[in-house]
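The feature transmembrane segment is assigned by TrEMBL to A:12-35, A:55-76, A:83-103, A:109-129, A:141-160, A:192-210, A:239-260, A:266-285, A:292-313, A:319-339.
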Amino acid sequence: MMRALRPRVADGLGAAAPFVFALAIGAVVLFAAGFEPLSVYRLMIEEGFGGERRIAATLTASTPLLLTGLAAAIAFRSGVFNVGAEGCFYLGGLTAAVIGFSAPSWPSALVLGAGLGAAALIGGLWLLGPGLLRARLGVDEVVTTLMLNFIAVGITSWLVNGPLLARGSANSATPAIALNATLPRLLPPTTLHLGFAISLALVIAYGVWGRFTVGGFRSRLVGTNPRFARAVGIEPERVLVATMVVSGAVGGLAGAIHALGLVHRFVGGFSPGYGFTGIAIALLARNSALGVIVASILFGALSSAGASIQLFSNVPIEIVQILQGAVMVFATAKLGRLWRRAG
Amino acid sequence: MTPAPAVAVRIGARALTRRYGALVANDAIDLSVAPGTIHSIVGGNGAGKSTLMRILQGVDFPDAGTVVLNDEPVRLSGPADAFARGVGMVHQEFMLAPPLSLLENLILAREPVGAAGLIDWRKAEEEAGNLAALAGAAIDWRLKAADAPIHVRQILEILRLLYRGADVLILDEPTAVLAPAQIVELLKLMGKLRDEGRTILFISHKLDEVMKCSDAITVMRAGRVVARTTASDTNVDALARAMVGDHAPALLIESRERPSGTPLFSARALAARDPLGFERLGPVDLDIRAGEIVGVAAVGGNGQDELVACAAGILAPAAGSIRLGGEDLAGASTARFRAAGVGYVSADRAHEGLCLTASLADNFIAGRERDTAFSRLGFLRPANIRAAAARGLAGLSVRYGSVDDPASSLSGGNQQRLAIARELSRAPRLLVVSQPTRGVDIAGTAFIHNLIADFRDRGGAVLLVSESLDELLALSDRILCLFNGRISGELSRSEAGVETVGRLMLGRRAAA
């Protein structure tokens, strides 16, 4: 019994540890800058979770992270280190925004479906190339997907400064989407929108898929031991390409939901690195669905609280970036090993 | 460099014990290696030689007892500590950086530094030249390690230890990959190094080499030292008996007459390359009939791994054809090989035979998760999966906690039973088996041999590759010898003896 329990305890500690270490580092920085770390943290917790509106703000902020975290987790689970969700997020956001402002007369369900579906399709196709290159020629997917991010940001930025620039706008932004294309709000007047529910449902579906389906079984085997998977007749290459496409589709969907649910248009600098935060989330979560949900909400709280503490105190918002960065560093360090070795 | 002559034991062990779980890999080992001698350690697989060497080199640590250096008990903190005390090891696998030149490999980690912190290449070349002269070998130092012949790489590994100042050399089966003439060279080099006062620990299971070069011989079996002798006081037969012990003669599986009819498996002009792109196999022709075990005997690296990988559908052949029951499998995926009726028991249990982190149940049904018994509409049926695994394991007399436990919770021998049972549960027509009992104890070996023989008796065809000649002779109906990737001889069970097979494996003709 103890033996069966121990690894889980170690996993739990391993997942919590990056936050603890990051908070410690943040505390040092805050202290050095002349703030009182504990009171800043108390303020952040209050701003993140104190009351219905603040929780709604946190969940809104966690919505894109749920999906980019999911995109990364799907890939990592099959042993593919896809870092291309950021690019898919941009492409998906732009695609959905274009559909969102071009069909004001369509029924809402149709235009929403078209926007989300097209964004997922674009995202999936975007990563088909890296998937095939890895499967056929062994080209490192980290390099290809990372580079494609820059291309995606470049393409969307060009489009939004040229052909798709809203008339009369000086900034790089598309026209606002039509009313029929906005994802409905869940808790007006807060900004929490249907996209959160969709994202949450997808992450839960991922959890079910991973544990209870043939596809999930195969992806797990390919991810943990590709030689074994091949030897028992599963083709790792196929799983790999499929994984890449699905991961890209989820990344595209994340952008679409962000555009249709919150921003209501596509703008230059559309994502403050949601795709990369998603990588940290998946690593922290060890690819588990529950972990993705918890980590997304924590990261969401961090960014939503960060915005408001800047309003109510003179603590600079950069502290949030320090915390996020530190969590990422420690998340990749696989701290769970420390406990496992000791235990 | 030479230790003070007063020292009686340059390196050794005192009551050294190392356990891995229930397995006692080293059981109260006493070992005394005098300075300036070649001391051979012989023993079968699983005798505990490698564990002992790892401990002497500071890679592993004893649970009880101690390592002895220069008559003093010492506690090594790691391989660097061992090296600082003059102990270096050449591993079975080469530890060279392939894209670097031989010279660069030699000086790696102890580069001679000249003015301005730059590498002093002249000094490096000079030292390399001295070492080559010492080894009596002409070495082209500018050659890349990847392009150097195997025996040169092997010699470089030894010279590197000398370059870094080691006077105790642990050589772990250094001759396994060498051709006979090169083995003679290596033994000569070892003798020369010994005469200059260095101490050599020589691990081998080739007894004639051991007899040729050793001053002292220690025989290990099942984790214990069972004999201490010298080359002049013993002979190959006595050593072999000590290694094997007094156990009853290996359970001999009854051989069968060669079945008639068309072959089930048939390969023509089959050729294959290793992952580095070297031609390793072929061209070979091979037929296996239903109800027949064909054994393949070869010294490591003579193409048997590639033959197994091609037959199992893991590796695409560079040339030639493979047919199973008339179906052409050229260029087919592993999945198609398996669908056609090929089962595969890998030599690499941890990375190919099983998924150690996955549960016993998952390992048992892996590859069959699409079967209607195990999934419906894409959803797994965990109850059925667990039940099937429990049934499968029940027949194996394997002790386990739950089918949800990871495969890593089983002992090595039981893991192998699980891997074979999974393959047999798929009811294959051809079973490709590589090293089925490596690291498996005697009881487990007999069990696995019976599984394979039963499969043969039920009409299955078996391709068996093993480094153990005893195993090949006990199981095979026919034995093929591979040398340099080609079939150097074929023997029926009744014709095959250790000596004949051994000769053919080394590319010599069978004795007339």
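Cβ coordinates are placed from backbone N, Cα and C, and glycine is handled just like the others.
Most Cβ pairs under 8 A with the transmembrane segment (A:292-313) among the ranges A:12-35, A:55-76, A:83-103, A:192-210 are made by A:55-76. When each of the listed stretches A:83-103, A:141-160, A:192-210, A:266-285 is scored by C-beta pairs under 8 angstroms to the transmembrane segment (A:55-76), A:266-285 comes out highest. Ranked by Cβ pairs under 8 Å to the transmembrane segment (A:266-285), the stretches A:12-35, A:83-103, A:141-160, A:192-210 are led by A:83-103. Contact between the transmembrane segment (A:83-103) and the transmembrane segment (A:109-129) holds: at least three of their C-beta pairs are under 8 Å, each pair 6 or more apart in sequence.
A contact links the transmembrane segment (A:109-129) to the transmembrane segment (A:141-160), because at least 3 Cβ pairs that are 6 or more residues apart lie under 8 A. Long-range neighbours of the transmembrane segment (A:141-160) within the same chain, counting only residues 6 or more positions beyond its ends whose Cβ lies under 8 Å from a Cβ of the stretch, are 80-84, 86-88, 90-91, 93-94, 126-127, 129-131, 133-134, 172-174, 244, 266-268, 270, 275.
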